[in-house]
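Please read the structure below before turning to the comments.
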Amino acid sequence: MLLKAAPAFSLLNTRGDSFGPLFSSASSLSNNNLAVSPSILRPKTGSGFLVCASKGATNKSLTGVVFKPFEEVKKELNLVPTLPHVSLARQKFTDESEAAINQQINVEYNVSYVYHAMFAYFDRDNVALKGLAKFFKESSVEEREHAEKLMEYQNKRGGKVKLHSILMPLSEFDHTEKGDALYAMELALCLEKLTNEKLLNLHGVADRNNDVQLADFVESEFLAEQVESIKKISEYVAQLRRVGKGHGVWHFDQMLLRGEEAVA
């Protein structure tokens, strides 16, 4: 490694009569396993020095610099977009990943729409199951928040959010054999499993494109929470199957309305 002392580096005595405390003795440098030869400070011109550091007893110079930021960044500078409609933040983010995120946004909005329809059904005056209405309203908001989180991530990576059409959900959830509460909860369980499957597909796209950041985002923000939701709703389905369609549904509804700890 060659170090050149600039002419403006006035801390060195360019007359050669004294080097001050900076180079007080050769022994202080040899303690660091650097042998100092008479040429360690050779006058280059009348205004500076060429400093050579050699390791051990040889005169072989230490050469090479592992990281050359200004050299390596040159190719990146050529890739910086100049068009106003092209993202500046985009890096190693494929079109497939961008499209998969937009598809997942659509999944989250569709599921949110179905949950909102369930909320409207159970909130009717002739159904009046306020606990179920509360549960499905909160579920709808949660899925919409998931969609917005994906939209924010899409923008963060330099992608473009493209919202697709949302299908019209059911408006009636009564079932002759199961009743409305059990039927709606089983439908919710199927929706949560479907959402989990779509998230796993999104994670697969990230792996296929070596997008570690997208994979980490899906794992940390969605997958664990999705497993918890599936477990909770599975328990609700099992409980509703036990209580049937009668008075037990009202007690289950009160549990959702006041919290599970209210169940005695």
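Glycine residues also receive a Cβ, built from the backbone N, Cα and C atoms like all the rest.
TrEMBL labels come from automatic prediction, so no person has curated them.
As annotated by TrEMBL, Fe cation 2 binding site applies to GLU108. GLU108 (Fe cation 2 binding site): 24 other CB atoms within 10 A of its CB, across all protein chains.
Annotated Fe cation 1 binding site per TrEMBL: GLU143, HIS146, GLU192, GLN226, in sequence order.
Annotated domain 'Ferritin-like diiron' per TrEMBL: 91-244, in sequence order.
One way to see the shell of the Fe cation 1 site is to take the Cβ centroid of GLU143, HIS146, GLU192, GLN226; the remaining same-chain residues with a Cβ within 8 Å of it are GLU108, VAL111, GLU142, LEU191, THR195, ASN196, LEU199, PHE222, GLU225, SER229. Put simply, GLU143 (Fe cation 1 binding site) is 5 Å from GLU108 (Fe cation 2 binding site) when counted between their Cα atoms.
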